[in-house]
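Participant: Summarising the annotation, TrEMBL assigns domain 'CMP/dCMP-type deaminase' to B:23-150. The Zn(2+) binding site annotation in TrEMBL covers B:His74, B:Cys104, B:Cys107. According to TrEMBL, the active site, proton donor annotation covers B:Glu76.
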Protein chains: 2
Amino acid sequence: MQTTRKPAPECPFEKRFPSQLLRDDTFFMTLAYNQAIDAWRRGEVPVGAVIEREGEIVALAHNTVENSRDPTAHAELLAITQAARALGDWRLEGCTLYVTKEPCPMCSGAVLMSRLKRVCYAVRDPKMGCLGGASDLNAIPTINHHLEISAGEIMEEDCRVLLQTFFRLKR
Amino acid sequence: MQTTRKPAPECPFEKRFPSQLLRDDTFFMTLAYNQAIDAWRRGEVPVGAVIEREGEIVALAHNTVENSRDPTAHAELLAITQAARALGDWRLEGCTLYVTKEPCPMCSGAVLMSRLKRVCYAVRDPKMGCLGGASDLNAIPTINHHLEISAGEIMEEDCRVLLQTFFRLKR
């Protein structure tokens, strides 16, 4: 079943160290960006996620699909599991997920099912994204939870260049 | 954050023991049904899943959201992680997922992302299901993988009565 994969190229980007004093969307997205860089350094597609509640970080994760050989090990899903463990409840009410790209079908579903308050993502994904890109699960009227979405507003270019460079160098 | 939950009622249904000689859709769905009964006995919404490849079972799981306090701990997602571990690859090519109800948005996305060959589900879910019920993620043209779907054909009534009885007794 194993396919031979070309090793990931070395990551030419560096992490950033924002001040902890201003905990705005850019602060949390910067931490998600740093997670994406960690993903790249471990040979994974560079996607990172952070979950915040009341100004505190409750989860930090990055994509580990290749290393864990687990198709469900996306940054968002790992962060949701981590946040639920930290909060002692699977209902992530009042939480915001920051993620460097628009969630895939699975992760878009997961943010709905875990009852997050808000999702803020950097890069839109018109091909696979399911929070406005290829489809919008948040718009299904029969689903009894809906999210606030901020799309493509925070660090869009940084996160896009990171992803595009990864795929360009990998080819 | 914890909400007080009414304890689950005792499960009035019994597991079934099909012959191992005929490994057809009903055989595998029966094992998924037995997993759903195990879920109920542990106080969980009774949903079970099985993953099969070339006539062999590679994963068996049930919903554990309440006990693990993890919103991602749906039967399908746990089975996918288990199957990927068993096969040593996150691409579940050639595999069929049997599940007692139509997958939710998250799990519908997960079966696409893990490149399963086929999904066979018992009970349709017009409210939350995303493989034909409330939405159909399999029909998004830009997603580069598509599934064969068998919906509502195998053990539909058994799995529906199981779920309906659980929610009726829990009220």
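Placement of Cβ uses the backbone N, Cα and C atoms for every residue, glycine included.
Heads up, TrEMBL stuff is auto-annotated, nobody curated it.
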Participant: Does DSSP put the residue listed as 'active site, proton donor' in a helix, in a strand, or in coil?
Facilitator: helix
Participant: DSSP-wise, what's the residue breakdown of the domain 'CMP/dCMP-type deaminase' (B:23-150) into helix, strand and coil?
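Facilitator: Counting residues per DSSP class in the domain 'CMP/dCMP-type deaminase' (B:23-150), I get 46 helix, 31 strand, 51 coil.
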Participant: For B:Cys104 (Zn(2+) binding site), just count the other CB atoms lying within 10 A of its CB, please.
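Facilitator: So the Cβ neighbour count for B:Cys104 (Zn(2+) binding site) comes to 26.
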Participant: Check the binding-site residues B:His74, B:Cys107 for other C-beta atoms within 10 angstroms of each C-beta and report the one with the most.
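Facilitator: Selected residue: B:Cys107.
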Participant: Which whole-number mean pLDDT does the model give the domain 'CMP/dCMP-type deaminase' (B:23-150)?
Facilitator: 97
Participant: Any idea what the Cα distance is from the residue listed as 'active site, proton donor' over to B:Cys104 (Zn(2+) binding site), rounded to a whole Å?
Facilitator: 9
Participant: Including all protein chains shown, what's the count of other C-beta atoms within 10 A of the C-beta of the residue listed as 'active site, proton donor'?
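Facilitator: Total other Cβ atoms inside 10 Å, all chains included: 31.
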